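A.B. asks: Pulled these from Swiss-Prot:
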{"type": "BINDING", "residues": "CYS436, CYS442, CYS481, CYS485", "note": "[4Fe-4S] cluster binding site"}
{"type": "BINDING", "residues": "CYS485", "note": "siroheme binding site"}
Amino acid sequence: MVTKILKAPDGSPSDVERIKKESDYLRGTLKEVMLDRISAGIPDDDNRLMKHHGSYLQDDRDLRNERQKQKLEPAYQFMLRVRMPGGVSTPEQWLVMDDLSQKYGNGTLKLTTRETFQMHGILKWNMKKTIQTIHSALLDTIAACGDVNRNVMCASNPYQSEIHSEVYEWSKKLSDDLLPRTRAYHEIWLDEERVAGTPEEEVEPMYGPLYLPRKFKIGIAVPPSNDIDVFSQDLGFIAIVEDGKLIGFNVAIGGGMGMTHGDTATYPQLAKVIGFCRPEQMYDVAEKTITIQRDYGNRSVRKNARFKYTVDRLGLENVKEELENRLGWSLEEAKPYHFDHNGDRYGWVEGIEDKWHFTLFVEGGRITDYDDYKLMTGLREIAKVHTGEFRLTANQNLMIANVSSDKKEEISALIEQYGLTDGKHYSALRRSSMACVALPTCGLAMAEAERYLPTLLDKIEEIIDENGLRDQEITIRMTGCPNGCARHALGEIGFIGKAPGKYNMYLGAAFDGSRLSKMYRENIGEADILSELRILLSRYAKEREEGEHFGDFVIRAGIIKATTDGTNFHD
């Protein structure tokens, strides 16, 4: 029985709430405006709705000033994100995405930090053809963005293949069961005829006509690997395995990475474990958690609208009590678990049933051909002969998974022929790096990330080598803005773009993803970054204890205070 009456924040709904309310369940005027050839863009109201269909309108910011001088509209283009729970793609689907990127995109694919594909550079008049082709490959872009449950993540851990297979099936079921029920996507992109007369309450029984106050993210981790950063999720499930069998999941609620520069009422937060559920109870837990956010989330101030703020405002125990009240049963006590890292394991790993997995290092998650490295071509050739699957990891890398023994030699030869790398000749720091897209396509970016981090790493590696730390894993993450797509606050070294060439520098996150970082220096450029890291890494090399990770060292050495909760992130 709930002992405290919960309520949503007071305040007038934001304009986005108006747009959703008037959208006729995410239809708006998208069908009409996508036929318009006068402009390559679309009205803002429709762009807000477009997210729920898996796409954002962007423009090439490298060209923005020049086009303004020429009195031309911005170089509008669309980013399209695929819904692909668990990050698993068949070779046939890989080839379709490769082909679409060449025909309609910018010739590259982005492997995201949520285990899916992003295509950039799609023109408005090519969007429908692109989505229809994706649909023909048994994929879709429904709810890949927007105020709904996003792509459900799942551990890619090759060491527990039998558990991965089972957990992956649960991630797919969860993703499908939590989809919006509106037929808007099918009508606009797939030419489905609208069926009239459906009662409103039947259209979206879980989401309702306003959907959620903000995005909602779910991920499933399989200890000891926290590769999906389970504590960064709105709702995290931690697989509990006993005697080689999956018995259920610990449930964690209230995580999220985004914040706003200069606003201490916004902050990253880690999800807290509140109990345990059996696999067959997972959907019920997810659905009821989502309805709590639907009913009590902040619909007035979008920067405070994520579920983490709802949990912090209402109180963890009150939210747990409300969840159990809606479930009609109580969560079991959480089971013991242990994480020891949140990175990937590179190279060949033997799985079960005579299958092998090869994890490829993909810097920045960008699949393209370089002058001296034909990454995209090599993967295309592998996809033509591969009989297993591809797994996109949460660290923007790629696993060529379930390679049969009789195919291993052929796949190995192609890896060798195209020089595809497991990254082991790079520093462990580079292999533990992650960056969001940022410029030139992201409209929120304040500074470079993906295009700049490799160059910065070249210079940091000189310091690493000087101090004998080349094989020391240190997680380093860079984002072009504070929204946190590359989960900057969980990097032992983190950078958030503040202005062109300027970053806030963060230290002190845990190597296993269980502690947030804290700001160390504000608004600094490359020279200061390198100067600070030279001092810090030198001290780490000399003063660290046996097995001590960098994020732990800077706290023990008094260099930075530990962030014990997101609410003291700014302290």
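Each Cβ is built from the backbone N, Cα and C atoms, and glycine gets one as well.
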A.B. asks: Please work out which residue of CYS436, CYS442, CYS481 has the most C-beta neighbours within 10 angstroms of its C-beta, and give that one of the binding-site residues.
C.D. replies: CYS436
A.B. asks: What number of additional C-beta atoms lies within 10 angstroms of the C-beta atom of CYS485 ([4Fe-4S] cluster binding site)?
C.D. replies: 22
A.B. asks: Inside 8 A of the center formed by the CB atoms of CYS436, CYS442, CYS481, CYS485, which other residues of the chain have their CB, for the recorded [4Fe-4S] cluster site?
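C.D. replies: Checked against the 8 Å cutoff, the neighbours are VAL437, ALA438, LEU444, ALA445, ALA449, THR479, GLY480, ASN483, GLY484, ALA486.
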